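Read the structure below first, then the notes.
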Amino acid sequence: MNTTNLTIKPTMRIQAFYLFFIMNSIQTGSGIMGVPRYIFMEARQDAWISVLIAGLLVHLVMAAMFAIMNHYENTDVLGVQTDLFGKWIAKLLGTIYIIYFFFVLLSVTMDYIQVVQTFIFPRMSAWVLSLVLILLIVYAVMSGLRVAVGITFIFFFLSLWLLIFLYKSIAYMEITHFQPLLEASPSELLRGARHTSYSYLGIEILFFIYPFISNKEKAKLPAHLGLALTTFFILLVTVISIGYFSPGELPEQVWPVLVLFKIVEYSVIGRFDVLVVTEWMMVILPNMILLTWIITYITKRLYHVQQRKVLYVVAVLLLIGAGITKHEYFILQIIDTVAATGFWVAFVYPLVLLPLVWMKSKWKRRKRGGAKT
Amino acid sequence: MKKRGMRRSNSKELLPSSIENLKTKLQEAMHNNPDFQIRDFEIGGQRVLVFYISIIVKKQQLNDNILAPLLKGDKQWTTQKLINALPLGNNVAQTKLNEVVDALVQGSVGIYIEKESELITYPIPDQEKRSVDKSDKESTVLGPQDAFTESLTTNLNMIRWRMNTGDLVTEKLLIGERVPTEIRLVYLKNLANKEDVQTMRQRLQDLVVDRIEDATPLTYYIEDSSTSIFPQFYQTELPSRFSYSLSMGRVGVLVDKSPTGIIAPTSLFSFFESTEDVFMRWNVGSFIRILRFFALIISAMLTPAYVAALTFHYEVIPTPLLTTLGASRAAVPFPPVFEALLLELLIELLREAGARLPTKVGQTIGIVGGIVIGQAAVAAGLTSNILIIVVAISALASFTAPSYLIGSTIRVIRFPLIILSGFLGLIGIMASICFLIIHLLKVTSLGRPYLLPIYPFVGKDFSKTFYRLPYYFNLKRSFSYKPQDMIRYPKKKARKMKDIDD
């Protein structure tokens, strides 16, 4: 099964425009809740420039990914790796992907549980919450990619309205917080850009979902637009956070984006941030469902194990992982590690892979040409 | 159809045989039924047998159209002569015993002339049925009021008159191993999606049951997922709705002895459409349809939200409101979950009692239950005033659904939601919403996704599902169900505008 080209049944294919929602949903998750703080600590008031730099670089990475995939007829990164490095190294790299995705999933789960514990239920057990989330994930992933994409699509619209309620914090922004402009050094800006990596993680899903797309010639635009929307979201919350919080206050806030909603108040709703944290489940779930689907899919591709069985194993591991970790320090440690690893796996690796693919195809062509003459 | 052979294997040849022999064979096959009558005539020295089940044939027709011509004069009859002489159509020549018995139990009269090689049967069934009534379950203000009855002939008649086009196909199928029931697969030949028609036909043909009680149980046999709480086929008693769906390219099923028509495929949202929306002006129709979707959300979410807020999230309620709520709940000794469950249960009891009792008593019960018990419950300090309002609104909202089936589904969904919100607060509600959406994404109706214009996304169909637009935007049929012909009317004609002072 681990051959280069894949044939996907027509009923399992998805249309290209869903890539927009897939890309945006898998990136927008737990990272965006806290990202302004991290960038701000590096680049201070120029943090928004860091976001733009990071956005541009990620677009480049995505272009590289498309270049790799277009070299082949219909395959995912596992097929590409087999083609380049042979069966055993490809299997090793695939396993790294599995472990990496599992830890991304774990970090997202733990982060959300922590947010809920902080904002809504300080004494709620992590076991209960992770059980609820995991049951939903298992139920969704049971029906495969089509349902996962459907959830992504519907939940995108069901959570988009949250943006509207940023209006109040926009009204309280202070323009002086952005001055003086360009105070940060280029290296600080780049370090700030690197700190966004946790929020941009997820574009590697393109490597796996690409063979499922029915109209590939139209795939680039929606994917890049989805990425651009992510950049816009991060930029928006970063700009508002810098303007809204005083420079001394922002580094104190672990989840500045959620705090931005605290100021919204109506005659029927007192604490809006509680609703936002609840609603955030709709932001986080598509993310987790897609990640779980990828894990089961890769395992099936590599080891020919039934996806259902993998799903149960992942669910149990996730439950244990999310249930037993209690210390905030430890959770932050995991998130930092995932972010650092993700930087290499998601952004650097495709850029390394592309020249190899080029070289291989050039070598092949020369060999074939040599045989002819 | 092969399976049906199992039902009666005694397909014995009845003829040729002597008159006496035939008589005993028929009596035997009819198990000496007291209603089964065999009349032995001697006309011009020739013996003629006329036999029928007396209570299910039309006596008038039997006397005027069969016996009177038969007994007039003293001529020699042959089967062919008889067919020519009797003013009835539908004569069937029979030789097999089981076929004769089948015809007899369906209200046929059998005639056998001595020494002929076959006997003939004439169907003149006398079927008791009620007349066409006003719709009770799905009442509408505008538009046709008539409803299906228990008679398939009447129902087909109503559909035929509504859709008097040669395109209408009503395929006949017999389902039921022990008691066969006639079923009609109704669709427009040049419009309905062929795949849908084939799927439906296949499911009906593959069905092996002893007997079908009604159209509603039939849907439970053939629908996509029997574990889901959501109905997957639309059931209607309105011929207008049935024929409207046919003209949109759907497939319909009518069952004999059932006042319910089945329509498939359906999406969740078609349960919130009423034919009335089509008869309304588009802007009013849109308003009402959107109102129904809001009603759905209110009905499912309002009580759980109350429970969640009052159990865990006091901080979400602003202080002035909290004071009012607190004052009204001050005397209530129960936690909000219990309080809400109690009241919801009360409403459900009232609804069920109202539905079971005769109309006049039902109204009284409604008033007694609604006003007296509600007031007393508050006065006794069992529930708060505000919860009574909340529960009443959500009960009211659940009755706005044009389909009774989806209304009951929503009312049942509310209970797990209330319990979960009592345990996990807002998180519980959100988790259940997510669960419901995931579930709805999995459900299919006749193999087509249940959330159709939303996912898979078909933006063009939004104006047919969620709101309505003026007629010149509705040039096309719903794209979601892929009818053979998309165009309802040409664009040019619809768009033609007159100049000023033209």
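Glycine is no exception: its Cβ is also placed from the backbone N, Cα and C atoms.
On a predicted model such as this, the values are computed, not experimentally measured, just so you know.
Sequence annotations record features per position, and here TrEMBL assigns transmembrane segment to A:16-35 (among others).
The transmembrane segment annotation in TrEMBL covers A:47-68 (among others).
Summarising the annotation, TrEMBL assigns transmembrane segment to A:88-108 (among others). If you look at the transmembrane segment (A:88-108), the same-chain residues 6 or more away from its ends with a CB under 8 A from one of its CBs are 2, 29-30, 77-78, 81-82, 201-202, 204, 284, 287-288, 291-292, 294-295, 298-299, 301-302, 314, 317-318, 321-322, 331, 334-335, 337-338, 341-342, 345.
Feature annotation from TrEMBL assigns transmembrane segment to A:120-141 (among others). Among residues of the same chain six or more beyond the transmembrane segment (A:120-141), those with a C-beta under 8 A of the stretch's C-beta atoms are 109-110, 112-113, 147-148, 151, 274, 277-278, 281, 284-285, 288-289, 292-293, 296, 311-312, 315, 318-319, 322-323, 325-326.
Beyond the transmembrane segment (A:147-167), the same-chain residues lying 6 or more positions past its ends with a Cβ under 8 Å from any Cβ of the stretch are 14, 18, 21-22, 24-26, 140-141, 236-237, 240, 260-261, 264, 272, 276, 279-280, 282-283, 285-286, 289-290, 293. The transmembrane segment feature in TrEMBL is assigned to A:147-167 (among others).
According to TrEMBL, the transmembrane segment annotation covers A:225-245 (among others).
Annotation comment: TrEMBL describes A:280-298 (among others) as transmembrane segment. Same-chain residues lying 6 or more positions outside the transmembrane segment (A:280-298) and placing a CB less than 8 Å from one of its CB atoms are 22, 25-26, 28-30, 33, 78, 94, 97-98, 101-102, 104-105, 108-109, 112, 115, 133, 136-137, 140-141, 144-145, 148, 151-152, 155-156, 158-159, 202, 205, 208, 258, 307, 310-311, 314-315, 318.
Per TrEMBL, transmembrane segment is recorded for A:310-332 (among others).
Under the heading transmembrane segment, TrEMBL lists A:338-358 (among others). Distant neighbours of the transmembrane segment (A:338-358): 57-58, 60-61, 64-65, 67-68, 71, 77, 80, 84, 96-97, 100, 103-104, 107, 194-195, 197-198, 200-204, 207; these residues of the same chain sit at least 6 beyond its ends, with a Cβ under 8 Å from one of its Cβ atoms.
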Hey, which of A:16-35, A:225-245, A:310-332 has the most Cβ-Cβ pairs under 8 Å against the transmembrane segment (A:47-68)? A:225-245
Spatial neighbours of the transmembrane segment (A:16-35) far in sequence, C-beta under 8 Å, 6+ residues away: 107-108, 111-112, 115, 149, 152-153, 155-156, 195-196, 198-203, 205-206, 209, 213-216, 218-219, 222-223, 225-227, 229-230, 233-234, 237-238, 254-258, 280, 283-284, 286-287, 290-291, 335
